[in-house]
Amino acid sequence: MIEKIWSGESPLWRLLLPLSWLYGLVSGAIRLCYKLKLKRAWRAPVPVVVVGNLTAGGNGKTPVVVWLVEQLQQRGIRVGVVSRGYGGKAESYPLLLSADTTTAQAGDEPVLIYQRTDAPVAVSPVRSDAVKAILAQHPDVQIIVTDDGLQHYRLARDVEIVVIDGVRRFGNGWWLPAGPMRERAGRLKSVDAVIVNGGVPRSGEIPMHLLPGQAVNLRTGTRCDVAQLEHVVAMAGIGHPPRFFATLKMCGVQPEKCVPLADHQSLNHADVSALVSAGQTLVMTEKDAVKCRAFAEENWWYLPVDAQLSGDEPAKLLTQLTSLASGN
């Protein structure tokens, strides 16, 4: 229902306009206060890069963060990552992730990013505290990448990158809750790079596609072509589950059942195992896998995806960030 409201297919969005106007006024006032320096943002002693979005829901932001961190690491840059830690609840903040940190403590995306990149990752509702925690433990870090937080103006940033779903784009264009917008589309004029996940990019936008890798068994780590798996039940607890189901079909998999779950939904063995019957194979997203690995069964697999950016702009962006991190 919410997708129909946000896309404008349902007339119910008009009923929510008063709340959207209120949301827009408050969010605009907050940004203006920081812009006019009525409120002071905290500036880190190293450059900060924000990877965020203008809309609620999954846009492919986390794969972009992983891509960015890995690309900078390959260039010899030491990177730290901070996040709000949505879906997690730590005993205290800031929380610096370790091999023992669970998604219940830190949230799905931070654990995924930590496991993928081995970069220092910290979470806190106050992102400046997360930055301070990383720099205290890892003083060699040269640049901070923040996963989400475009609207978290308390943390000063040097570079802003926005990720857009190229198919859904901005829906009906309205602020939450009548539409999907956290900020209006005009905000794109002030960011440094716009990355478009799928669809047809517009002038000045960087095209991106999510490339699936081999399926990975949660228990054994065995890899295989996902099309070799039989009697597949697909599960996705991400911002936009249909994207994952479409990826499976693109890989030649015709799931016997597709199970969309809420983003950041907590998972347990009983609930997940109930999704599959004898002889079926469960295939989930990598984001779900970080929550299920501790209690996984032998017929549970996940499909990792990697961001692939096209054109000349990604190289220019990486050159800019490398120069910033190197102090040039």
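Using N, Cα and C of the backbone, Cβ positions are placed for all residues, glycine too.
For reference, Swiss-Prot has these:
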type	residues	note
BINDING	THR55, ALA56, GLY57, GLY58, ASN59, GLY60, LYS61, THR62	ATP binding site
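Overlay of Swiss-Prot annotations on the structure.
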{"residue": "THR55", "record": "ATP binding site", "Cβ within 10 Å": "24"}
{"residue": "ALA56", "record": "ATP binding site", "Cβ within 10 Å": "17"}
{"residue": "GLY57", "record": "ATP binding site", "Cβ within 10 Å": "16"}
{"residue": "GLY58", "record": "ATP binding site", "Cβ within 10 Å": "23"}
{"residue": "ASN59", "record": "ATP binding site", "Cβ within 10 Å": "28"}
{"residue": "GLY60", "record": "ATP binding site", "Cβ within 10 Å": "25"}
{"residue": "LYS61", "record": "ATP binding site", "Cβ within 10 Å": "24"}
{"residue": "THR62", "record": "ATP binding site", "Cβ within 10 Å": "26"}
According to DSSP, collapsed to three classes, what secondary structure does THR62 (ATP binding site) have?
helix
DSSP on ALA56 (ATP binding site), three-state: which is it?
coil
Remaining residues near the recorded ATP site, that is with C-beta within 8 Å of the centroid of the site residues THR55, ALA56, GLY57, GLY58, ASN59, GLY60, LYS61, THR62:
ASN53, VAL163, ASP165, GLY239, HIS240
